[in-house]
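Sending over a structure as structure tokens; questions will come in a sec.
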Amino acid sequence: MNSSEDRSSIFLGGDIFERRELLRVCHVLDIDRIVGRDEEISAVVHALGPGTRGSPPETTIIYGKTGTGKSLVTRCVSRQAQREAESHDTDFRFAYVDCSDYQSDAKASREMARQLSDAPDTQTNIPRVGIGAANYRDITWELLDTHDIDVFVAVLDEVDKLDDDELFRSLTRSKESGKSDAHIGAICVSNKIEYRDRLNERLDSSLQDNELVFDPYDADQIRAILENRTDAFVNGALEQGVIPKVSALTAQEHGDAREAVDTLYEAGRIAEKEEASTITEEHVANAVQQAEINRFKQLVSGTTPHVKHILRTLAILTADNPGQQSFSTSEIYEAYTKLIATEGATPLSEDCVYRLLKEQSFLGVTESEHTGGGHGEGRVANRVCSERSRVNGGRHRAPTRDSDAEGTPRTGARAPHVPAHILSTDRLAGRCTDDVSWNTVHRRKSR
Ligand SMILES: Nc1ncnc2c1ncn2[C@@H]1O[C@H](COP(=O)(O)OP(=O)(O)O)[C@@H](O)[C@H]1O
Ligand SMILES: [Mg+2]
């Protein structure tokens with residue numbers, strides 16, 4: 001067999017996906033793919049409905065945890081509103097600005113103007129830099145008036161990422177300030193319920209009437225969402241237990257549909273790579289494990305070298321003492337100083353190590369439990385934690401007063417729904433290269 005024959009099949013993989021785009025989170029689905037959000041869809045329809053007939057849309061604020069369908073519902077309904085408006089001879093436009101990509105007032109305002117100017121009839125060159133946020137907004141208002149646009153809605157997704165409220169404020173006041181003749185509305189979306197208080201403090205109380213909260217999904221809803229996407233796979237590729245398993249795992253945490261869809265997709269990719277003909281529950285377990293490793297790596301990659309040394313110490317202790325559930329701060333400190341000596345570095349003080357462990361616990365990388373007394377006497381038990389919801393929750397969780405009170409080792413409280421999983425594998429204590437490398441693998445039987 002010559003080499004060209006060898007390579008003729010390099011693009012042939014497993015026969016798993018029929019329409020993989022249906023499982024990509026960036027894909028905006030058709031509205032009829034949305035499952036179990038009828039009330040929320042109606043509420044957004046109610047807010048945008050007047051706009052489709054040339055009346056002012058209602059400004060609305062949407063809250064909810066990640067993966068509860070906020071972005072999906074808002075985008076789908078906005079798109080649908082634009083179509084509906086056409087049938088009423090109303091020129092309705094919307095701009096969808098993901099503020100996590102455009103965090104400054106100027107960037108978000110520019111993006112709003114850019115989207116409006118992108119349509120064939122409104123083509124305008126928007127300067128990339130050199131003008132301020134207010135100028136970008138003025139361009140937007142001018143475009144609306146020049147092109148006789150009746151209604152404009154700005155969807156500000158992840159609005160809490162914006163460094164100030166100016167854009168939102170100007171959208172809600174553009175009419176009364178005589179900036180534009182168009183009816184202008186805003187839909188703000190936030191993953192943080194605390195954002196409500198911030199807005200209420202600063203903005204008009206009339207907005208409080210238009211708040212919408214998206215609750216987390218339960219296992220049945222997640223299951224229905226996934227079952228409505230099975231045409232992403234070729235017929236017969238999904239084994240029976242796969243969707244129930246993904247749904248149960250996701251619902252154990254906070255019912256995040258994004259995570260469920262991602263897990264199903266990853267399971268499919270693993271099966272495809274293995275050239276398997278079906279996706280099994282084993283593929284799901286592998287996908288979950290891989291996601292944990294990725295999240296863990298991501299969390300750890302942003303830390304300082306000393307934090308990495310401390311985490312590595314804890315990982316080595318965990319790997320070397322399979323029967324031991326947790327380690328006291330003084331045990332960790334002793335092992336840490338030995339490790340640091342082999343690296344030729346100067347150790348931090350025990351207090352410092354204790355504080356850093358506490359921080360990592362708050363972020364969900366480790367778990368700490370206060371067992372009474374001072375930290376130096378072994379009364380704070382620490383363990384490495386790869387538990388997904390803690391890692392995930394930690395990443396998104398702002399240090400609020402409440403969570404601080406609940407989440408630090410001093411109180412020993414844990415996320416209520418989370419059993420403690422201990423990382424344990426020979427790959428766990430990945431050896432130091434130029435930097436500490438974490439190659440953590442979840443103990444598989446613990447799930
Ligand atoms: N009700 C639903 N029906 C179908 N898919 C959903 C639903 N809710 C969420 N999803 C899926 O989960 C992903 C994440 O949802 P998204 O709207 O981005 O969540 P949020 O904005 O609340 O964080 C979406 O891309 C979609 O694939
Ligand atoms: Mg979102």
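Using the three backbone atoms N, Cα and C, a Cβ is placed for every residue, glycine included.
Note that this is a predicted model, so its numbers are computed, not measured.
According to TrEMBL, the protein carries these features:
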type	residues	note
BINDING	Thr68, Gly69, Lys70, Ser71, Leu72, Tyr217, Arg229	ATP binding site
COMPBIAS	367-390	compositional bias 'Basic and acidic residues'
DOMAIN	56-218	domain 'AAA+ ATPase'
REGION	367-420	region 'Disordered'
Around Arg229 (ATP binding site), which residues of its chain at least 6 apart sit with Cβ under 8 Å of its Cβ?
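Long-range Cβ contacts: Leu22, Leu23, Arg33, Val261, Leu264.
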Sequence gap of 6 or more, C-beta under 8 Å: which same-chain residues meet both conditions with respect to Thr68 (ATP binding site)?
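Expected: Phe214, Asp215, Pro216, Tyr217, Gly255, Asp256, Ala257.
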Could you tell me which of the binding-site residues Lys70, Leu72, Tyr217, Arg229 have their C-beta within a distance under 6 angstroms of some atom of ligand 1?
Lys70, Leu72
For the binding-site residues listed here (Lys70, Ser71, Leu72), tell me which residue's CB has the most neighbouring CB atoms inside 10 Å.
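When each Cβ's neighbours within 10 Å are tallied, Lys70 leads.
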Assuming the binding residues for ATP are exactly those in the record, Thr68, Gly69, Lys70, Ser71, Leu72, Tyr217, Arg229, what is the maximum CA-CA distance in angstrom, rounded?
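Looking at Thr68, Gly69, Lys70, Ser71, Leu72, Tyr217, Arg229 as a set, their Cα atoms extend up to 18 Å apart.
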Which whole-number mean pLDDT does the model give the domain 'AAA+ ATPase' (56-218)?
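A mean pLDDT of 89 is what the predicted model shows over the domain 'AAA+ ATPase' (56-218).
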Looking at the binding-site residues Thr68, Gly69, Lys70, Ser71, Leu72, Tyr217, which have a C-beta within less than 6 Å of some atom in ligand 2?
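Near ligand 2, sequence order: Lys70, Ser71.
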Near the Cβ of Tyr217 (ATP binding site), how many other Cβ atoms are there if near means within 10 Å?
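For Tyr217 (ATP binding site), the count of other Cβ atoms within 10 Å is 26.
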Are there any residues in the same chain, six or more apart in sequence, whose C-beta is under 8 angstroms from the C-beta of Gly69 (ATP binding site), and if so which?
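Non-local contacts for Gly69 (ATP binding site): Ile34, Arg37, Glu40, Phe214, Tyr217, Ala257.
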